[in-house]
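Listed features, source Swiss-Prot:
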type	residues	note
BINDING	His335, Glu341, His371	Fe cation binding site
MOD_RES	Lys98	N6-acetyllysine
MOD_RES	Lys414	N6-succinyllysine
Amino acid sequence: MAELKYISGFGNECASEDPRCPGSLPKGQNNPQVCPYNLYAEQLSGSAFTCPRNTNKRSWLYRILPSVSHKPFESIDQGHVTHNWDEVGPDPNQLRWKPFEIPKASEKKVDFVSGLYTLCGAGDIKSNNGLAVHIFLCNSSMENRCFYNSDGDFLIVPQKGKLLIYTEFGKMSLQPNEICVIQRGMRFSVDVFEETRGYILEVYGVHFELPDLGPIGANGLANPRDFLIPVAWYEDRRVPGGYTVINKFQGKLFACKQDVSPFNVVAWHGNYTPYKYNLENFMVINAVAFDHADPSIFTVLTAKSLRPGVAIADFVIFPPRWGVADKTFRPPYYHRNCMSEFMGLIKGHYEAKQGGFLPGGGSLHSAMTPHGPDADCFEKASKAKLEPERIADGTMAFMFESSLSLAVTKWGLKTCSCLDENYYKCWEPLRSHFTPNSRSPTEPK
């Protein structure tokens, strides 16, 4: 596969033409009476027309046929995609999943859409408030099929296998340790080259933003220029048997047929686009004197709520870095949080739990459910000689953190058969070290 080209910058106002049709963008206006190359002009709005300029999202697409050229939508099998957060009763326990099993291609072909499984979520799609966490497990490419989401944005985190994503804006390659965001309403199709697995964070009614940096300053964390946007690419391809367009609308799946590929956008301009990001480019901030900084310093992207400083969802990573804090228990501290914390592992191991939490699996610590390092981690870190050391080399754990109380689906609790019933046992060996007659702690030797 030839190396793909991209435009650099987060949320930028961009313009792109397929080089096969130079001059395909209209000059000085959006909607001429006749577009260059006799294309159709179509606007894709990601915000209300009257949103303030700094939050106004839209792009103009110049395409061979407009998106409206299709047969009626009809309801299709929902598979394991759901927005019913009352399928099973609530469970406040610490939950951990073993690696989710990928279907074997020799047994059944499963593409990206057929392999979507909703794990947990909260909120209401119709009121544009909430989120869902999905797992994708697939082994084949989408053939003459595309998908778009009327409900929200997809933040896609591949864990195993490379993806080639066709969008109306162009093509993106995606591999583990990269993420991409396909925003609401954007049509895309996914090619895979092996058995493939990953995670999806879906947010309703809002878009992902870079977090405010505050006293960090003008630079740091995920820098805007490291986000990549695809360049225009089109195919003028008729599909005699009909091309299938799948839509998720109000949590349900629908499909329609059309005669042509939807990836017929010759040129586009605007600031409402898909984009990708390599997690290795994250500039890590950390404590360099003492104590363990809060994990918010590792936020890559945030989807803000209406309450200042409170997110519907944050995407947080735990990347390789130096640990140098003196007189400090360096692993993550024991915690009870008003937020919900879903964690996944792309590769390696997580610093607070060396065993049991595996790549391709996950964990959920719900609001106010206690969690923290396992017994083995506590004992080792409490006695370790504190020298500068590398932390998390060769690993990448991440967290979807939310102010919403997440409900787990029936698939997540029962059907997937990946729930680790013995998770709680990793804390059972914790013992009291209390010395009521001696205030001085035992110093590591």
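Cβ from N, Cα, C; glycine included.
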Original post:
Within 8 Å of the centroid of the Cβ atoms of His335, Glu341, His371, which other residues of that chain place their own Cβ, given that this set defines the recorded Fe cation site?
Top reply: Pro332, Arg336, Asn337, His365, Thr369, Pro370, Gly372
Original post:
DSSP three-state call for His371 (Fe cation binding site): helix, strand or coil?
Top reply: strand
**OP:** Could you say whether, by DSSP, Glu341 (Fe cation binding site) belongs to a helix, a strand or a coil region?
**Re:** strand
Original post:
How far is it from His371 (Fe cation binding site) to Lys98 (N6-acetyllysine), counting Cα to Cα, in Å?
Top reply: 18
Original post:
Which three-state DSSP class does the residue listed as 'N6-succinyllysine' fall into?
Top reply: helix
Original post:
His335 (Fe cation binding site) to Lys98 (N6-acetyllysine): how many Å between their Cα atoms?
Top reply: 23
Subject >> Intrachain C-beta neighbours of Glu341 (Fe cation binding site), sequence separation six or more, cut-off 8 angstroms >> reply: Ser363, Leu364, His365, His371, Met399, Phe400, Glu401
Original post:
How many neighbouring Cβ atoms, not counting its own, are there within 10 Å of the Cβ of Lys98 (N6-acetyllysine)?
Top reply: 17
**OP:** Could you list the residues of the same chain, at least six apart in sequence, whose Cβ is under 8 A from the Cβ of the residue listed as 'N6-succinyllysine'?
**Re:** Val88
